[in-house]
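Novice: The following feature annotations were taken from TrEMBL:
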REGION    1-30  region 'Disordered'
DOMAIN    100-482  domain 'SLC26A/SulP transporter'
TRANSMEM  102-122  transmembrane segment
TRANSMEM  134-161  transmembrane segment
TRANSMEM  173-201  transmembrane segment
TRANSMEM  246-263  transmembrane segment
TRANSMEM  283-305  transmembrane segment
TRANSMEM  354-374  transmembrane segment
TRANSMEM  386-408  transmembrane segment
TRANSMEM  420-442  transmembrane segment
TRANSMEM  448-466  transmembrane segment
TRANSMEM  478-510  transmembrane segment
Amino acid sequence: MRWPRKHTFGLWPKGNGRNRSSGGATGGQTQATVATIYDPGCEEKEKYTAQNGDDYYGQAHTVDLDVASKYSKPKEAHWLVRRIFFLSWITSYDREQAFADLIAGITLGLTIIPQSIAYAALAGLSSEYGLYSAFIGSIIYVFFGTIPQVSIGPTSLMAILTLQFCADKPVQVVIVLAFLAGLVELAMGVFQLGFIVSFIPAPVTKAFTSGTALIVVFAQIKNLLGVRMKGFPSIGDFFTNIRPTDAAMGISCMVVLLLLRLLSQVNFKQDTPVTRRLKKILWYISISRNALVVFFTGLLVFIWVKKSSIEAVPFALSSKVSSAMPTIKLPPFAFEYQNRTYVFTDILHELGSGIVVVPIVAVLANVAIAKAFVKDGNLDASQEMLTLGLCNIAGSFFSAMPTCGAFTRSAVSQASGVRTPMAGIYTGLIVLSALSILTPYFQYIPKASLSAVLIAAVIFMIDLAPVKELWQTNKKDFFSWVGSFIICLVAGVELGLLFGIVLSMVFILLRLGNPKFEVTLKQHESTYYVHIVPQSDVYYTGVDALRSELRGACRLYHNDFPVVLDCARFMQFDATFSEMLISVAKEMASHDVLLILQNMSLKVQQMLPVMGNVRFCQEDSQLASHLQVEKEAPVLEAKL
């Protein structure tokens, strides 16, 4: 078959005397510009007669300047306002917002105090370290945070990671861990690495959260039942060492906490001012359940001690707190502990992978909470990273443990009607008041009640529902969830998270290297052609798969029909794409097969050399004209 000497991209010229309905022309003139390819023997400078691709598409999609002038992109805030976010809302702060923030701050303060004490115990620290973490994070977030609902402070997630990396180590190591985690988080924010969070899929995050929650339950079940054995006892030894008094205290606290949790779900048949007020009271009791349980159990022990002695108390109690008022000082980069001198390199060696795992997990949790509560969907993840880094760095100067946002406290803030991050000031002041007044009484809190608070807080984070759903919908996500969950329980939460991320990245690479294509035989009037459409974006990694698909389509249809390849989803077209298309086009030319490249921009077309059996088109009507030329070619050849 002899190809016509001259063919076009399917972009008809202005004033060429032809009326094409596809071009939308009137009076024998269209709106586009011609781009003509001459025969392969022409000089390269004569290859294109049209303007370049950018100019063409600029003409084809020009908008009236008068219309465009009515719309303008909102002016971006100054970088200082974006970073010190406090400046963006403080000028419009009013009395109504201040009152709402006061209520939310007090409510959150009553929630965070017992949680901080419990999470410090979970991390293997005394109570004051949890409160140090609670007040400084709340105050720092006021000035740099962007989401009013987010509450920075100690969490079960950070406590379990701290326990894992700092168990049986001096408390100074925990403080340095908070400082180093803050540095990593701050660097992630400064270098605008918020996009990294998008590469961690939801199933991996859910598996990690469920695995961590289950570890917390297992870690606290001994204190809940009064088992004082170290390590992992056998089942027989475990049950024989249960202390009835501690078990009764722990189980009773669990039942009370779960019942109080249900109060927020009480609905009344009639909606009256009295029922609305009563519902509000029940809701306040429900969100204050942790504080109520800790207060009344501590009060019970305090009365018991006053009537007899602390040795006569039948419950295991928290450790004694001597002095808890925070003092600002540098993190202990060098210290002595048990006749051993620790320097900074020794601390780094002790922490190991925790220096990276702790900040990454903290960022994941914080951004997930921010996404859940952001109103307009416009979340600056990098700013949240920067803020979290500042909270941890500042906390290390007050002997704090690593912190991040907490789902439960953020939900309490939302339900309390928080309006701005200013609520953190009131929360911080309440925590400081507790540090200055209540610390002598922390020793009266039973360990069983703190364990009940922790278990009741995390047990609802265990979500096994995705297993069945993912098995039915997406096997890859199912294996990511199951693998991450099991490894979290067996080998540690950091390895479980790493496994999920690596497995997801492998799936992404496999998809990039093996894209899917839809191959169909279509008919236009009396002309048949093979249509190949990618089902996903095609990068250079999928070039071999595309080559195989083109060759397979030609063999399947015995080289009888033209091949139309939709190029709209070719990403980052480069030399690898060009070489593949050139080699395939030459193979198809040897079998007299026409290759039509559809939806390829003019700028990309110029990367390909002139080839006799290659056509380009944009619209379906232009494709039809190429197919018509292909159909008439044998007749023209016979006449010649």
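Cβ coordinates are placed from backbone N, Cα and C, and glycine is handled just like the others.
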Novice: What stretch, picked from 102-122, 134-161, 246-263, 283-305, 478-510, has the most CB pairs under 8 A with the transmembrane segment (420-442)?
Specialist: 134-161
Novice: Averaged over the domain 'SLC26A/SulP transporter' (100-482), what pLDDT does the prediction give?
Specialist: 85
Novice: Okay, the transmembrane segment (173-201) and the transmembrane segment (134-161): do they have at least three CB pairs under 8 Å, pairs separated by 6 or more?
Specialist: no
Novice: For the transmembrane segment (283-305), find every same-chain residue at least 6 residues outside the stretch whose CB is under 8 Å from a CB in it, and list them.
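Specialist: For the transmembrane segment (283-305), the list is 107, 110-111, 113-115, 117-118, 249, 253, 256-257, 260-264, 312-313, 315, 317, 412, 415-416, 441, 444-446, 449-450, 452-453, 456-457.
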Novice: I'm a bit unsure how to read this: which one of 173-201, 246-263, 354-374, 448-466, 478-510 has the highest number of Cβ pairs shorter than 8 Å with the transmembrane segment (386-408)?
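Specialist: The stretch with the most contacts is 173-201.
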Novice: Looking at 173-201, 246-263, 448-466, 478-510, which one has the highest count of Cβ pairs under 8 angstroms to the transmembrane segment (354-374)?
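Specialist: The stretch with the most contacts is 173-201.
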Novice: Mind pulling out the one from 173-201, 246-263, 478-510 with the most Cβ pairs under 8 angstroms to the transmembrane segment (448-466)?
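Specialist: By the under-8 Å Cβ criterion, the transmembrane segment (448-466) pairs most with 246-263.
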Novice: Could you pull out which residues elsewhere in the chain have a CB under 8 Å from any CB of the transmembrane segment (173-201), counting only those six or more residues past its ends?
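Specialist: Answer is 123, 125, 129, 133, 162, 165-166, 331-333, 342, 344, 347, 350-351, 354-356, 358-360, 362-364, 367, 380-396, 399-403, 477, 480, 500-501, 504-505.
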